[in-house]
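Copied over from Swiss-Prot:
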- 1-18: signal peptide (SIGNAL)
- His176, Asp195, Asp261: Zn(2+) 1 binding site (BINDING)
- Asp195, Glu234, His343: Zn(2+) 2 binding site (BINDING)
- Asn196: N-linked glycosylation site (CARBOHYD)
- Asn288: N-linked glycosylation site (CARBOHYD)
- Cys310-Cys314: disulfide bond (DISULFID)
Amino acid sequence: MKLLSVLALSATATSVLGASIPVDTRAEKFLIELAPGETRWVTEEEKWELKRKGQDFFDITDEEVGFTAAVTQPAIAYPTSIRHADAVNAMIATLSKENMQRDLTKLSSFHNRYYKADFGKQSATWLQEQVQAAINTAGASRYGAKVVSFRHNWAQHSIVATIPGRSPEIVVVGAHQDSINQRSPMTGRAPGADDNGSGSVTILEALRGVLQDQTIVQGKAANTIEFHWYAGEEAGLLGSQAIFANYKQTGKKVKGMLNQDMTGYIKGMVDKGLKVSFGIITDNVNANLTKFVRMIISKYCSIPTIDTRCGYACSDHASANRNGYPSAMVAESPIDLLDPHLHTDSDTIDYLDFDHMIEHAKLIVGFVTELAK
């Protein structure tokens, strides 16, 4: 996640849109979109300079010729009442902070998870092995559950785990797996414990919880369930764009996508004397799906919500939205109180609260079950 409000806390932060950035005409260029219809060719270093100044964007260099961003989404009726409380509560009871701490300790031990680096490839391979182990342990592969690599033209692959249902319509939970040190993207130390190791291991633990339900494991849920771990989010939502563009091109139907980007930092709220809460993103999301998410939180989670905005192209839910799929995003806190260590070598596990991450996992289990089962 790379968010304007976090960097706005610095008095030295200035608007890049009005700045003149020198261009090295010999360098490889990338086409980025900073706002709807506002595009610019930049070098890779200019991309990172924009990020350092707090400007988010889509990297649309590899977008298909003639692609048009969706301006409307299909009208989808979401449940207005809770229907599977017993099943969800049984799954929630299996969620483990110890599992998440173990997984995040390992995931953040890679030197970095930069999408072009060997470390990014290695971390993705390790993460996919954990997903496969969860599927194997549940016996779900016998009923068609699987995990696959979604390959890109860079080192790190995205990961897609699928639990088939009676319908091909998909309920998606996603998180980006890559990390970055913005001062030295390729070689710098970037543990990325919160951004976004926290989201990655939170949805992994939620997957384990969901796989405790035999109706889901045996493919008897009404809808298909997918868990995604995206590559290259920090470079312009690259992995999620590729996946959702592919889904659009192949006619896949997505009932809803819930994004989890940073799930573990609460100190900003505590220091302000605020009640620890979820940050509900209200811009560039589907309002009806977000209303459904609020219902899930009120039923299955023990903390309240605060409305907040994160801007254009701030994280992977925006890729779903851009391709016409309804998406929602729940952050660890209001955007202006996010973890200040993101994108540095100080983004370590020491600053995270695993009870808060469990609340996110409870949300995911409830979201998936109530929407898919």
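Cβ atoms here come from the backbone N, Cα and C positions, even for glycine.
Taking every protein chain shown into account, Asn196, Asn288 are the glycosylation sites, and of these the Cβ with the most other Cβ atoms within 10 Å belongs to Asn196.
According to DSSP, His176 (Zn(2+) 1 binding site) is assigned to a strand segment. Inclusion criterion for the recorded positions Asn196, Asn288, Cys310, His343: a C-alpha placed within 10 angstroms of the C-alpha of His176 (Zn(2+) 1 binding site); this criterion is met by Asn196. Taking CA atoms as the reference points, Cys310 (disulfide bond) and Asp195 (Zn(2+) 1 binding site) are 15 Å apart. The shortest Cα-Cα distance from Asn288 (N-linked glycosylation site) to any of the binding-site residues (Asp195, Glu234, Asp261, His343) is found for Asp261.
Nearest to Asp261 (Zn(2+) 1 binding site) in space, judged by Cα atoms and limited to the recorded positions Asn196, Glu234, His343, is Asn196. Minimal Cβ crowding within 10 Å, among the disulfide-bonded residues Cys310, Cys314, is found at Cys314.
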